[in-house]
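> Sharing a structure below in structure tokens format, with a few things to ask.
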Amino acid sequence: MSARDSSICGFTETEMTSSFVEKQSGGVIFWRVIAALAVIVGGVFSWCAAKQMLEPELLLILLGAYAGIGMFFLLCAASGACRFSADEQNWLPAIVSLELLEQAVVLTNEHGSVRYMNAAYRRLSENRREGLDVLLGYDETAARIIYRLNRSAREGHEGQGEIDLAGNFVYTVTVKPFRLDGHAMRIWALSRQSKKQSVLVGDLQDAVSHLDYAPAGFAAWDGQGRIGYLNATLAGWLGFDLATFTPGEMMLGTLVGAENMARIHEALTHSAAMPVVMPELDFRSGGQQPRRLRLYITRVMEGGFFRAIILPVDARQPHSSPDRTVQGGQDILQFKNYFDISPVALAVIDETCTVKRANMRFRQLFNLNTGREEPQGLQDFLAMLEQGSAERAGLAIRQALDHGTGQAIAVEAVLNGEEERYVRLYINAVRQGESDVAAVVLSVIETTEQRALEQHMEHSQKMQAVGQLAGGIAHDFNNVLTAIIMSCDFLLGNHRNSDPSHQDIMNIKNSANRAASLVQQLLAFSRRQTLRPEVLDLTERLVDLRPLVTKLVGHTNRLELEHGRALWPVKADGAELGRVIMNLAANARDAMPAGGVLKIRTANIIEPESRNFDYQNFTPGDYVLIEVSDSGNGIAPGILAKIFDPFFTTKEVGKGTGLGLSTVYGIITQTGGYIHCDSGPGRGARFSIYLPRYVENAQDRQESRLAQERREAEKQVINKPVDLSGSATVLLVEDEDAVRMGGMKALQSRGYTVLEAASGIEALEVMKENDGQIDIVVSDVVMPEMDGPTLFKEIRTRYPDMKFVFVSGYARDAFAGKLPEDAQFAFLAKPFSLKQLATTVKEMLAEPNTVSPAPRENSHAAL
């Protein structure tokens, strides 16, 4: 190093570093002396060992101690605890760096004594070794600040303060504590700036603060849409914290969406006038509802940036410019923006059949290329329609261009594609003068969902009408079958088994029972059958059904049963649900004549998952899924739409009634669930049944307990002879003569006194004539003049404790709504036998008046 280099600002290297190394030198000498003594002692030991002047045991002890001392010195040297040289040169680079700083820097110990000053501090202190507490102590404000910083340093914290001394400068003082060789040290830094610069920085900070909290939003972004700046007002509108914003990471397209971003890009590309006004854009952020804002965008020529003033849509732009041309241009631009954001697909076609302009919705609907600037031909649009639709639309457009009809021409069309989509076109001619047609405005509305809803409504109305017809027919048939079955019971009672006529009578009764089963299917389809809902564990129910299903599908088909984990309970009629599974299994068997796999799967469906289903009339919620699928040939789309219609079947004549799937549909719907079929040629069929999750309450627990008690009681007496005789007086009300006569014979044969009435009015007269003599009333539900529920209310008004039994071909739910909620009565579904009628009357008479009996049903209700 040269003589010039060895002296910095008049101080030599030794002078600058002496304060650092003088304290270290004493320690270095101490360790050097200790090392020398160790070497001498080691030499003496070696000499004694060579002369064999020491005992071997003592020699080993001394050598071990000497080795331990050597290891101690090695560890201390490695860790820096002991040094044998001062390493003055290691401090030189740091000192040179400090000397070149414009800031004044001084190092002091914890007592304030100066250990080092750089060149800037020496100039400030005029080479006096004084700390800042002495150097600036003449100013009271400065002294307080230095005292506060000293206290912070003593507590181990950094500190900073600003000192405004007389003159044109303001000083910023910082202090940072650290430790050097176990001693507390502090480094002070002093910088200054002119008061004018400080005021300028403050004004700039105020301007930024005003911009951040202005009543308008401000934003800037680059050509790729990366946002470089936005103010606090806009961040507040969008619902996120400005502190989390990092310039360049947020994209404008994320806030406004892809469609609006394309609109902004198109407006900036095709507009020469500035600013570009985007009248209404929806901004999304922060999980809030979209905020509709208006943008006034200008282009910054340097760097390709764009900046915008953003206002709510209800804020009005002041139009202070008197230039009507500029105002007219802005109005045209705003109209174009309204054209672009319209939810209706719009396009303008000129006299050359060229698409001059199309909004975003039109381009999306017809998959037109949004990146092309040149006009696109009409054929590009017509190619998106099916051939017949394209011909009708092209003819209507040319007719509007040629003749300029005043009224809009409506054309129904179908889009090309794998999915069937429908649109409705409205074609309007726009005249340039009195006779010339300048262009055609094409408005397109997609009607796919509307047509689907119309078809669904039409199908629902058809099913409802057929259901009402089927229910009415079933009711009338039940009356006929009731008379036939009871007549057979009378004949069987008079003919022994050996009688030749006995078998013929049994055939008649069996045929009547089969007809009753078909009627029950009609009632199931019309959702008017009687259900006996109970809380079911589907896993146990399917395990019980497995042997029956296995036998049903045969040995050529394989049954796979997949149980869902922790299935929720459901509330349904167990017998009817079994019919549903067996019916679907039978259909799957018939669809796999050469053999295949029938799979039954269950699972829980939570509400968020159910919201993804696009089934019509489906209400989201918690459901239990029963999925029945097969590996058969599948169902063609034309047939799939009709599979739940009554009397529709693909089987040969005489091999199916067409009521199977319609019955399944009715049972599931009446239970409150949904059924959906997914199938196609060559991929089998999958029926998905969704049953509502059951959540138990106190009333349901009570009903379940009573139902269980009834089932246990029925099991105990099922094989025991029952005494059905009685001596009570029964009023039988029935408008069908055959049924009424059969009921009278049945009850009279059991010892009852029977009074008859053909209508409700006649029944009230009989009650009046036999005041207090009648014990129980057995009444039909549907009768002329006065129906059963009205008769029930009239009788209970006069005789509150009168026992009542309803008989009907309809389900209990069909008339229960016309009765009080606390009404006590029994129910017997038609058709019934003599024994069932006598049993129901006997059980109802045995019920105490204070207990509300559960509605009773005959065995046919579960068919």
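Each Cβ is built from the backbone N, Cα and C atoms, and glycine gets one as well.
In case it's useful when we look at the structure, here is the feature table from TrEMBL:
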type	residues	note
TRANSMEM	29-49	transmembrane segment
TRANSMEM	58-80	transmembrane segment
DOMAIN	472-695	domain 'Histidine kinase'
DOMAIN	729-845	domain 'Response regulatory'
MOD_RES	Asp780	4-aspartylphosphate
> Would you identify the secondary structure of Asp780 (4-aspartylphosphate) according to DSSP, in three states?
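Assignment for Asp780 (4-aspartylphosphate) reads strand.
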> For the domain 'Response regulatory' (729-845), give the DSSP counts of helix residues, strand residues and coil residues.
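Result for the domain 'Response regulatory' (729-845), in helix, strand, coil order: 49 helix, 25 strand, 43 coil.
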> Please list, in sequence order, the residues in the chain of Asp780 (4-aspartylphosphate) that are at least six apart in sequence and whose C-beta is under 8 Å away from its C-beta.
Val733, Glu734, Asp735, Glu736, Val739, Gly788, Phe806, Val807, Ser808
> Across the domain 'Histidine kinase' (472-695), what does the pLDDT come to on average, as a whole number?
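Looking only at the domain 'Histidine kinase' (472-695), pLDDT averages out to 81.
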